[in-house]
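Note sheet for the following structure.
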Amino acid sequence: MAGPSTLWETLQALLPHTKEELKLELGEKVEGSVLMLLQEAAELFLGGQRRECLQTCEVLLDYSWEKLNTGPWQHVDKDWRRVYAFGCLLKAVCLCEPPGDAASVAAALKACDMGLLMGAAILGDILLKVAAVLQKYLLSGKRPAPGPSQEPPGTKKARNDHVPIPDVTTERTVPRLHCPSLQYFKKHFLVPGRPVILEGVANHWPCMKKWSLEYIQEVAGCRTVPVEVGSRYTDEEWSQTLMTVNEFISKYIREEPKDIGYLAQHQLFDQIPELKQDISIPDYCCLGDGEEEEITINAWFGPQGTVSPLHQDPQQNFLAQVMGRKYIRLYSPQESEALYPHDTHLLHNTSQVDVENPDLEKFPRFAEAPFLSCVLSPGEVLFIPVKHWHYVRALDLSFSVSFWWS
C-alpha cells in the first residue's frame, strides 16, 4: 500500500489551491450564513487547519442534509446539493491528512459516496476522481489471495429457498433472435413495440466471465450504495437505507435475513467506473434519438426472490442478465385497464395486481389480459419496449443491467 503521504500528495494534485478556484458561488436559495460557513471551511482547509475544517464541514453537512430531506426529492434546489457535495469533498480530504489510517480513508470514501449519491456535480466531477483515488488506495492494502478454505462464488450461505420456477412452456413466450441486424430489429421490434430476447449480443462482455460475489466485493465492496429493504416497493413496510456493498452482501445474500434486500435501479456504473469497463452499451441503442450520454444505465443486484411489481417505464429498455436467472412477464400498454394501475400519482405506473398470486375477485379483468413471458438467463438481453408493463422475479442470486434510452 502506498503511504498516507503519497495519498495526500495525489489528492492535493486534484484539488484547487485557492478559494477562487473552488467556485463557491451559489444561488439565492442558499442562505448567506451558510455560504459564509462554506467559505470559512474552505479558508480553514486551504490554511492547513484541517481539524477545524472538519468540524465546520460537519455543521454544514448536518444543515444541508436537513434541506435535502425536506419535501419531494425533485423539488430540492440543486444549490443545496452543491453545498452538501462541497461539505463531503472537504470532509473527505481532511480525513486523509497524514498519518491517515485505513479507517480514516474508508470514512473519507464514504463521505465521497454520500456526496455522489445526494449531492450535485462540482468542480468537474471531482468527487468521482477523489473516490477513485481512495478506492485504489484501500484496495492496494487488502487484496486477499483466494485460499483453499474459500468456497466458490455465492455458495457460502447464499439464500437457497427453492423458489418456484414457472413453467414458461405453458405460456406465450417472448421470441428470441441471435444478433439480428440493426435494420431488422428496428423494423420488426422497435417500431411496432414488440418485446424480443437478443442472444449472442452480450456474451463477449467481460462481466460475463469476471463477475462473482468475490469480484464485486473486491471492486465495489467498500462503496456506499442505496439498498431497498422489503419484498416489493408497493408494500407498506418497504424502506430504503444506505450501506456498503460488503455489508449488503453479508446481510442480504450470505446470510438468511427476515427481509429481502435489493440494490435496485442504481446508477452504480457512474459511481464505480471499474465496473462500467466490464459492460457495453448494446449497439441497438444507436437507433434512438438521444446521445450515448443520455442512456441511463442501472444496476439490479440481489438475492433470489427479489420482485419488481408489474409496472411500466417511460423509455425503451434493454435488460441484460449477467448473473442468475429472472422470470419476466410482459403486457402490452393496450392492456393497461385490465392491469388496474394504482390511482395515486406516485404509483400510477404500477399495477395493483400481485401477478403470480392475483386476487381475481378484486381484479377480474386481469385473468383475460394476454401476456408474454420468459426466463432470462446470463448473456441474454431482453428488449422491453417503452410503456410495456413488466413484472420481474429473481430465480437465483442475480445481477442485471438495464439500459434506458429514448
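Backbone N, Cα and C atoms are what each Cβ position is placed from, and that goes for glycine too.
What you are looking at is a predicted structure, and each value in this text was computed from that prediction instead of being measured.
Take the Fe cation site that Swiss-Prot assigns to H311, D313: the candidate from H204, H266, H390 listed for it is H390.
Checking the candidates E218, E228, E337 against Swiss-Prot: the one annotated together with Q265, S308 at the protein site is E228. Cβ neighbour count for E228 (protein binding site): 22 (other Cβ atoms within 10 Å of its Cβ, all protein chains included). Neighbours of K326 (2-oxoglutarate binding site), defined as other CB atoms within 10 A of its CB across all chains, total 23. In the domain 'JmjC' (261-406), the DSSP tally of helix, strand and coil residues is 28 helix, 58 strand, 60 coil. Report note: the Fe cation site is defined by H311, D313, H390, and the residues of the same chain whose CB lies within 8 Å of the CB centroid of those residues, excluding them, are S308, L310, Q312, N317, N349, I384, H388, W389.
Those residues of the chain, other than E228, Q265, S308, with a C-beta within 8 angstroms of the mean position of the protein site C-beta atoms are Y233, Y262, A264, W300, T306. Mean model confidence of the domain 'JmjC' (261-406) amounts to 94 (pLDDT, 0 to 100 scale).
Neighbour counts of Cβ atoms within 10 Å were compared for the binding-site residues Y262, W404, and the top value is held by Y262.
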